[in-house]
Structure formats: structure tokens, C-alpha cells
Amino acid sequence: MQLLAGLNLAQRAAVTSPASVLQVLAPPGSGKTKTLTCRVAYLISHYGHNPQNVICCTFTIKAAREMRERLRGLVGDQIESRLVLGTIHSICRRYLVAYGHLIRIPKGFGIADTSDTNSIIKRICKRLSLSIEPKIARARISSHKAKGKTLEDLPKKVPKELKEQEFITVFHEYETALATSKLLDYDDLLLRCVDLLRAYPACVSNVEALLIDEFQDTNIVQFELMKLFASANRKITIVGDPDQSIYGFRAAEIENLNRMRIFYLETVVINLEENYRSTSAVLKLAQDVIEQDENRPQKKMKATHCHGTRPVLRRLPNPNEEALWIASEIKRTMTMTGGLLIHSDFAILLRSAYLSLLIERALTNAGIPYRMVGGQRFFDRVEIRIIIDYLRTISHPENNQAFLAIVNTPSRKIGETAIAEMLKLGEENKLSLWLVAQKVVSGELKPTKKLTRPAEQELTRLLSLIKAGRQMTDTASPAATVPSKLIDFVVKSLDYENYLKKKYKDDHEDRIENVKELVTHASEVLLQTGAEEPLATIAGVDQVVSNGGQEVLAQFLANIVLSTDVETEEGNDKPRVTISTIHSAKGLEWPVVFIPAIYEGSIPHSRAENTDEERRLLYVAMTRAQALLTMTFPIMQSRDQGESIITQFLPNELHHHVSRTGPLFDDRVIMDIASILRRPVPSQEDLAKALQSMPEEDSREDDIWPSDGSRKPFPMLAGDAQGLQGFGRPLGDFFSDQAHPYRSYSTTAGPGRILGSGSYESATTMGNAAVFSTSNMSLGFTTAGHQLKNVPEFGRSSSDPAPPSKKPKLSKSASAQEGIASFFSKPTLQTSQPSVESAMPIAVQNLYRQRKHDHEAMQQRQSLQSSVYGVQAIPAELSSHKLNFQNGIIKRPSAPLREVSPNAGRRYGGLYSSSPPPEDSGKRGISHINGNENAINQTSAESKPVTPDFDLTEDTDSERSVTKPATTMHKTTMSGVGSGGFSSFGSNTSGFRKTLGVRRTMASWNDRKHK
């Protein structure tokens, strides 16, 4: 059969199963929608079921729309349109419209949306001066109903606690307000349908097959509905996955799967195992996470794609830098894949919505477009909501909430006091505002404060508009055009365009365009979905056949109320990164997924009562990824600056499945991504072009932040002082300028490089304890010979003789047991790094070599400049300041000391202070090695500095100090010390020079005391 083409063995078994009660357990990406759609078509074609007798329940309107489109291709338009297909709420509404009169539900009832229920409860609490929070009261009422309980199920005895008394009061008043307005809320649609089918089971006696999607997210009431819908023929197919049950906060019951097997002993279970979405690496980690729940049904997932890149568990210092890293990684991934991925291929999935703030800011600063899933709906825009409320009032005038929304919009000079008076009259007489307004205008009811003449005239016009709209609804032909015609009628009657121009001067054009979009939507929506077919006729049961126009309008408004689709903005076709909660992302997929805040308190949430559901939530998030999955863990938390603990769902034994840094995008990785997404592999020219467009400050590897999550200060690189504008600013500002927050680690210390062993080459050494490190210093004294070996040859003057070569003495100790002195004199070991070049795509390597060569040339120039001219970090007049120690006490001398070596004629390359020697107006001064205080200034032609044979940039200051840099410590700046010197006792004294630090010289103590 054609409908079985393309199905794997498990899918085919599920579609063709003869079982009357079937459970299809479908893990993420296993093709459950395709399987369920084919099962519907198979039941109709193979068993000959009447489409009107087949009910298909989906979790969302979007899923229902997708299933209809697929069924049209399998069974044709005529058969598909006759199916009872939609969300469980929409199907219950259809049955209540047709048979609700049997249980005294008024004809033409309306549906109270979230805005309506909130307004009703707020007004009740205000009128009765109750202390209960309206949001809490509404949530409790909904939870109560979701468990199948009504107002009658509340305890008859008055509770002692005040909050319980107030809750019962609010519940009672809320139900009364709904009844007065002839409204049902979301939960009532299900509860009242249960009441209907229990009292009149014949209403569903024709149902031959029932199919339910996302069964793991059903609650107790929905489970009861399943039994009632299938009561006649007991033929049920459900599709679900216990590992994806994440709606416990909505009273979803994962136990419904087990209850079903207990209630229907003939239940057959088929597992779909093949995954068509994610790589094997992603599935393996997700499987290990979910299998921590030992009570779940044992089932496996089999990958149909390649192994792919290992998921990443990235540690970052804090949430702010976590957000910055995500932004930089998105840019790096897009660049390194040569156009294979675009912004809409990325998703950032959050456990809680509040986590989006820093991420939104980082994406904005990085110039990355994004969209928020679960944001404002198109129908919630102010200019759209007003029109919808007019249509709701025309469709259902007794809806007090809709009437209140339009009674003074646009302004009709009806004050708040007058409206309150009409509400009071309605409550006293058990009348809707619609009837109260008519009686007030006719004089049958007289409010305490009479309406002004202009207000009364405007109210009369409003009533006339509503009546004219209702007449148009009854007479319009064809019925499918009713919504669009009514919108046009309301817009013209209100002169709505001029109203928007006056009220919203800045953006009225956009709002007018939104109204035009609403008209287009109303014209097309019923053409796309079609009007609902009437339910099958049941012998002996009266069914209400609604007026065509009224039913079309009611269906149009019901779809808006029950819709969860977010707004469609102008330019929505522009690729954008998706930011979504994990709950809102269920059923969706992206090539690249980021999951931030993987720590205890976030996931599992600190207020979560069910740890297993939190684990399933992480599992759902991980299985949204097709090719690349990255989880981030901030070491410190932003709110209380406390240290985070990584989530218990990723214990150490699972860390071998993850990488510590983002992937290197070599040819194999790029080809794997293209294969998974079924996209053409980018050409080598595209890859080279993308890499060439990468800014110099960006990195080709994920090496900007330390992989262990430690927080490092921003390094000031040699030669970068002028290039890094704004150094020292806040991290977000610094990164927004696209400057390097960090540089690559290297264990090779060199000019313009970060020092190894966790240290940085910095403009300060011991002024900042966080920067200073002794990990690469020789402990104690070192020999002059060893020091000369580490000084570049171009660091000496042409007159400096090379050190005499000596025959090395034989060591008395064995080679395997060297002395401790020889150990400390060894240079720091260097750790080899993997070659970046080898991981590059072939066409990119030449470009990379060129850039690498240019970068090394720049470093060499910086190295020469630092070695020949020195780093101009210490003012020349302060370069030889040293603390004078005597008997272990810092002592301020009575007069400045002049440090002169008694062996000034000799040159040594031995020990140097961390500060460069003083300069002498462009003439080279004598290197001070020994501590004699006799002043000697030697200037000669021989002491001129060695000039490099190439241009050392434009920095040719004639007053530059030409000295040898420190090699045992970092370069040091003391520019903050004034020319008057520094006193350890807190007073600055001009006229002589104070010293900082201990001089490290080879002179005797007596010479240094100049006695």
C-alpha cells in the first residue's frame, strides 16, 4: 500500500496492528506524527470506518493543522474534512455546541479566555475586599477543575483558615459570574463534556475509533474523556512517550499510561526505536540521562545518523560570561561552517524564562537577531484585541468581559462611575451588562448616578452597532465570509483608522497594517481549514444545528481563544535565533541547541516537587538537537554570587560523553552536519571566504574563555594598549566592542602572549595579586650564566662582550637523581598543543598560514621593541626606586642614594630588577649590577643601542629608555607612583627618591651600606 511506503518495521507494525487498544511509545524524532497519520488513514481504508466516526485528538492547534495537511495527501480532501480532528478542547466544544442543551448549557455560549478569567477574579477580590492574590486564586481554581473537582466538591463545612474561606468565596463568585455571562472557561469545556457523555453516552455511540497524540501529557479529566469517547467500541490508539511527560504543573498524569494498561487489559504496546533527528552522540548522552530513572519502561533509541560531534559541557565563570560565550559561539559556528548554518538553525532552551535577560542582551550587543517563543500573540496586540472584542460581543452579547472592553473604546464619555453603577445593577438583578445597558437606555433601570445626555447617546449608538452586526451575521452569504465582513463593518463604523492615528501618533501606520492583516487572516483561515462538519447524526438524540454565519463566527473566535501561536511580525522571514523555554520547545527541533544554566536550582528547579519530571525536562531539551548540542554551566550564580553545583543529572561518570570546549570545525564535522541536515556541503571556496571575513579579534577555536570555567582578568597584551580602547570597562561593554575578553592559553611565555601556568603577561606585576604568579620564576638566586642564556642576543649593546665559554663540570649525581639546585634552575616545561591548522578545512589552511605568519611577525616586532627599547611602563626617574632594608625594617634614607657599580667597566648579563634601569636623555645608562654608591655615568659611542634592521612602528620617541627588560618576572608599571617618590609611612616627600622592593645584586652588604 502507498500509505505504508517509507515506514520502518516498527512504524509499519503500529500502523497495521489489529489490536483494539494500542499504545505506541515514540521517543523524540521517531516519526510519531507520520505513524499516527498513517494509522488514521489505514483504519479508514482497511477497516472501512466512516470518517465522521473517527476522533483524532492532538495536543496543539498546530499539530492538528499539520495532521490535516498530511491526511489530505493520503485520503483526499473530502474524507479528511469529515474527520473529528482537533485539540481535545476544540472537540469538546463541538460536542457541547451540538448536545450541550441536554445538560442546560445555553445555546451560543462563549469561551472565557485567560484575560477574561483574570479580570473576573480581580473584580471579585476588589469588590469583596479579599486579601487573596487573584493569580493564586485563579491557579487554584484551574488546578481544582483539572483534577475533576467542581464547586460542589469543596468541603461543606466552613474552614477555619481565612485564606481557605476566601478561596471558597472567590470560587463561588467566579462560577456565578461565568454563568451570568454564559461563559465556559478552558477547564469547563472538558468538565462539562464529561458531564454530557456520562449523562448521555449515546452522543458518542457512533465512535468507531479514537486516536490521541501526546498521551503522556493528559490529565485525569482527559483520561476520563478517553474512556467515555471509546465506550461503545473500545477501539483506541494512543501515541506517547513517558520520557517526555513534562506538564505536571498542569496536572498532567504520567500514570495515565499505566492506568490505561490496567483498565484495558487487552492493550498492546509497540515501541518505536529508530531516531531520525539526532546524532548518535547526542542520543547516547540523552539515553544515559533518562535511564537514571529506574522506574521508567526500558526502551532504547537507535540513531539513523552518524555518530557526529560529541555534546559540549562548557564551564563559564558566571551567567554574564555564559551569555557572552553563547553569543560568540553562535558567531564562530556560523563562520566556521561557511554558510551551512544560519541564525534560525540555533535555539537557546531555558528552564525558566527569567534566564533570558542576559542572553538577550548578549545577542543584541553581538548583532545577532533573535525571537522569543511564547511572546506576545498577534491577537493580543491592543489594536487587534479591540476588534476581536467587538466581534466577541456581536457573537455573544452576554459576555460581560467583552462588553466592558468595548463600552468606552473609543471614548464615549461614559465614566468609570457610570460603568460601576451598571455592573452593580447587573449583579443585583442577575443580568448581563448587555441587558442592563438596554434597560438603562430605555429607562427601565435607573442607576444612582444618571448618564449624561452625550454618554447616553453614545451608548445607544454602541447598542445599535452590536445589533446591526448580529443581523449581518445571520444574513451574510456565503457564511464563510462572516468574520472578514464583520471586521470591515466594525472598522468603518468606528472610523477606526482615524482613532488609531490620534491615539498612536508614532506608530499608527504599523497598527493599521496589523488590522489589514487581521482582515486577510479572517478571509483565508476558513478557506484553509474549512468550516467544521456537523457531528454524525445519532438516532434518538437531538442535535442543535446552528445558524451558518453564527457558527462560523463562533468557530473563528474559538480558534483565536484556544490558539497558542505567537505573533507574526513584519519581516518574520528573516532568520533569527530562537530563545524558548523547554516546555514551549516540545515537539520542535533545531540543528544547534544551547541549554544554559545546567546547575542545581535551575534544573532541577529549586521549587520542583518531582525530580523525575525535571530529568525528563532536560531529556526533552537535549533531544531537540539535530547536529550540535551544548550545555553551559556557570561556576558562580548571579543572584547571590554563590558557587553553583552542576546538575545531578550529569554526574561525573557521564562526563566522558562530553567535550569541555566547542568543536573544531574540520572537514569531517562540516560534512557530518550537512549530511544530518540533508544540505549541500559548502565548497572550499565558501569556507575560505567565510574565514577571511572573520574579524581579527575573533577566534577560530573555542579558546577565548578558559575551559575549566575559572575567571581570568583581561590581559593587556604587549603592543595592544592603544588597540584595546576601553580596557578595564565592564565585561559586557568590553565584549560589545568585539575586543578579546581572553586570549589563547600558551605555556610559552613571549612578547604579546599570555604566560603559561595560568599567568598573564601584564603591565603590572605585584600590584594585583590576582595577576602575579611565581610559577615561572626561579626560586632564590640564579647564576649570571643561566640568565644570559635567556636574554636575547639583540638585548645587548654591540660593545657588550659575549660571556666566556667554560667547560661544563661533570655532575657528581646520577642523571636520574639530579640535585635540587639543578631542578630549580631548569626552564619551565612547555606543554605541546594540538595543531589548529591540521583541523582546518583544506582550502582554509593556506589563508590560516598567511594570517598565522602575519601574527607571528607582529609578535616578533613587539618582542624586539620590548627587548631593545623596553616597555615604557615605569617613568625613567622612578626606575631604580628600591626599598631600603636595614635589620629587616624598611627605612627611609635621609638623602637619595646613587647606585653605581664598582665594576662599571665590566658587563654582566646577570640578575636584573623587575624595573628597568634609569634612562639618561636618550643616552644609554650603565646597567647597575653591584651596589656601590659611587656615581659613574659612562656615555660613549660604544654604548649606543643596537638598531634593528626594520621599522619598529611609528613609536620613535627620542626619550625612550633603552634597557633590558626583566626576564624573571612580569613587566611592571609604576606610573601611579608620583615623581616625588613614595613613603612607606604614607607621606610623599619631594627632593629625593624613595625605593620599592629589595635590590637583588651581587655586591656585599658592606658595599651596599656605603660604609
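Keep in mind that glycine also has a Cβ here, set from the backbone N, Cα and C atoms.
In TrEMBL, annotation is done automatically, which means it is predicted and not curated.
Looking at 140-161, 690-711, 976-997, the range annotated in TrEMBL as region 'Disordered' turns out to be 690-711. The predicted model assigns the domain 'UvrD-like helicase ATP-binding' (5-279) a mean pLDDT of 91. T33 (ATP binding site) carries a helical DSSP state (H, G or I). Residues near G29 (ATP binding site) in space but far in sequence (CB under 8 A, at least 6 apart, same chain), listed by position: N275, Y276, R277, S278, E589, T623. There are 26 other CB atoms within 10 A of the CB of A26 (ATP binding site), with all protein chains counted. The residues near the ATP site, meaning same-chain residues not in A26, P27, P28, G29, S30, G31, K32, T33 whose C-beta sits within 8 angstroms of the mean position of the site's C-beta atoms, are T35, D241, L272, N275, Y276, R277, in sequence order.
Note on the region 'Disordered' (690-711): DSSP counts are 3 helix, 1 strand, 18 coil. Cβ-based neighbour count (10 Å, all protein chains) for T33 (ATP binding site) stands at 17.
Cβ neighbours of G31 (ATP binding site) (same chain, under 8 Å, six or more residues apart in sequence): N8, Q11, L272, E274, Y276.
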